[in-house]
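A.B. asks: To start, I am sharing the structure in question, which I have written as structure tokens.
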Amino acid sequence: MSETATWQPSASIPNLLKRAAIMTEIRRFFADRGVLEVETPCMSQATVTDIHLFPFETRFVGPGHSQGMNLYLMTSPEYHMKRLLAAGCGPVFQLCRSFRNEEMGRHHNPEFTMLEWYRPHYDMYRLMNEVDDLLQQVLDCQPAESLSYQQAFQRHLEIDPLSADKTQLREAAAKLDLSNIADTEEDRDTLLQLLFTMGVEPHIGKEKPTFIYHFPASQASLAQISTEDHRVAERFEVYYKGIELANGFHELTDAREQQQRFEQDNRKRAARGLPQQPIDQNLLDALAAGLPDCSGVALGVDRLVMLALGAESLADVIAFTVDRA
């Protein structure tokens with residue numbers, strides 16, 4: 001919308017009314033399917049270890065904590081929701097605030113609304129179908145198409161991301177005029193992400209949503225490794241009209257393997273001069289107690305609303321972006 005006094009909302013009132021209707025529609029979608037809505041904390045004593053995520057940190061000083069207790073604003077409700085799953089809650093969803101101390105712009109705000117849900121006994125593909133159902137209902141769009149990560153690279157960059165070495169990845173980056181970044185980057189996954197962002201994303205999801213699945217095993221995060229091809233993880237992302245909408249996993253249930261991944265993340269953080277993050281022992285204990293076989297997905301609601309309304313920026317669908325907060 002046009003420039004307004006900063007006390008006023010960035011989004012128009014008609015857009016906020018439409019946003020409210022979409023939130024109601026999302027809740028109805030899950031109620032009709034018997035999925036329980038839950039609420040979990042916005043703060044935790046532990047946080048994500050992913051080298052590409054930057055959480056906000058605060059400090060609690062109160063009874064029993066006179067020396068203070070570090071707390072982190074949640075980048076996603078994932079860890080707490082998995083603890084509920086391990087406790088036997090069944091299928092769950094949540095609409096909540098999440099926080100990331102990163103960029104701000106047309107498609108980013110440090111505080112944003114997340115839709116996250118988990119389906120016991122669903123594999124990755126069944127959950128992808130449910131995500132597709134939700135997108136068609138909210139966006140009135142065509143059914144999505146699906147491409148493996150490998151197929152997407154081969155189609156748009158003519159390179160195999162699962163076998164290419166760093167020299168080949170840098171050569172692909174040079175064709176995109178990205179040598180100034182790629183030539184000094186030693187982390188293979190960062191090179192792959194650079195190529196995906198600049199060489200694949202602009203070409204997918206133009207007319208209909210596109211699922212990209214089977215990311216490299218080195219990018220598994222909290223997903224299982226495929227039993228059919230150990231080079232890839234049971235992980236997917238969804239793109240539509242130039243926007244990343246969602247990220248989903250066939251969830252890892254092995255506590256020991258998850259701890260090893262967290263520790264590996266922290267080693268990568270140390271190598272980059274980033275602070276090592278406290279590992280969530282409660283999550284690991286929940287996995288050890290028995291997380292049911294399940295798949296889960298996190299979807300950016302503000303971006304979904306932006307697409308539904310044909311808006312140009314998140315500022316058009318959020319009442320008060322961070323510069324007006």
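Keep in mind that glycine also has a Cβ here, set from the backbone N, Cα and C atoms.
Keep in mind that this is a model prediction, so the values were computed, not measured.
Dumping what Swiss-Prot says about this protein:
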BINDING   SER76, PRO77, GLU78, TYR118, GLU251  substrate binding site
BINDING   ARG100, ASN101, GLU102, ASN109, GLU244, LEU245, GLY300  ATP binding site
A.B. asks: Compute all pairwise C-alpha distances among SER76, PRO77, GLU78, TYR118, GLU251, the residues listed as binding substrate, and give the largest one in whole angstrom.
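C.D. replies: Value for the max Cα separation, rounded to a whole number: 15 Å.
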A.B. asks: Which one of these binding-site residues has the most other Cβ atoms within 10 Å of its own Cβ: TYR118, GLU244, LEU245?
C.D. replies: TYR118
A.B. asks: Which state, by DSSP, holds GLU78 (substrate binding site): helix, strand or coil?
C.D. replies: helix
A.B. asks: Could you find out if DSSP has GLU102 (ATP binding site) as helix, strand or coil?
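C.D. replies: Coil, per DSSP.
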A.B. asks: Only counting partners 6 or more residues apart, tell me which same-chain residues put their Cβ under 8 Å from the Cβ of GLU251 (substrate binding site).
C.D. replies: LYS82, TYR118, LEU222, ALA223, GLN224, LEU291, ASP293, CYS294, SER295, GLY296
A.B. asks: I need the CA-to-CA distance for ASN101 (ATP binding site) versus SER76 (substrate binding site), whole Å please.
C.D. replies: 13
A.B. asks: Would you kindly give the Cα-Cα distance separating GLU78 (substrate binding site) and GLU244 (ATP binding site), rounded to the nearest Å?
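C.D. replies: Per the Cα atoms, GLU244 (ATP binding site) and GLU78 (substrate binding site) stand 18 Å apart.
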A.B. asks: For GLU102 (ATP binding site) and PRO77 (substrate binding site), what Cα-Cα distance in Å is obtained after rounding to a whole number?
C.D. replies: 18
A.B. asks: Starting from the substrate site formed by SER76, PRO77, GLU78, TYR118, GLU251, give every other residue of that chain whose CB sits within 8 Å of the mean position of their CB atoms, in sequence order.
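C.D. replies: Once SER76, PRO77, GLU78, TYR118, GLU251 are set aside, the remaining close residues are TYR79, HIS80, MET81, LYS82, GLU116, LEU222, GLY296, ALA298.
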A.B. asks: Please compare the binding-site residues SER76, ASN101, ASN109 by how many other CB atoms fall within 10 Å of each one's CB, and tell me which has the fewest.
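C.D. replies: Counting other Cβ atoms within 10 Å of each of the binding-site residues SER76, ASN101, ASN109 gives the minimum at ASN101.
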A.B. asks: Hey, does DSSP put TYR118 (substrate binding site) in a helix, a strand, or just coil?
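C.D. replies: It is in a strand.
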A.B. asks: Using Cα coordinates, what distance in whole Å links SER76 (substrate binding site) and LEU245 (ATP binding site)?
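C.D. replies: Rounded to the nearest whole number, the Cα-Cα distance is 14 Å.
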A.B. asks: For ARG100 (ATP binding site) and PRO77 (substrate binding site), what Cα-Cα distance in Å is obtained after rounding to a whole number?
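C.D. replies: Per the Cα atoms, ARG100 (ATP binding site) and PRO77 (substrate binding site) stand 12 Å apart.
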A.B. asks: Using Cβ-Cβ distances, find the residues under 8 Å from GLY300 (ATP binding site) that belong to the same chain and are at least 6 apart in sequence, listing them in sequence order.
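C.D. replies: The answer is PHE112, THR113, MET114, LEU115, GLU244, LEU245, ALA246.
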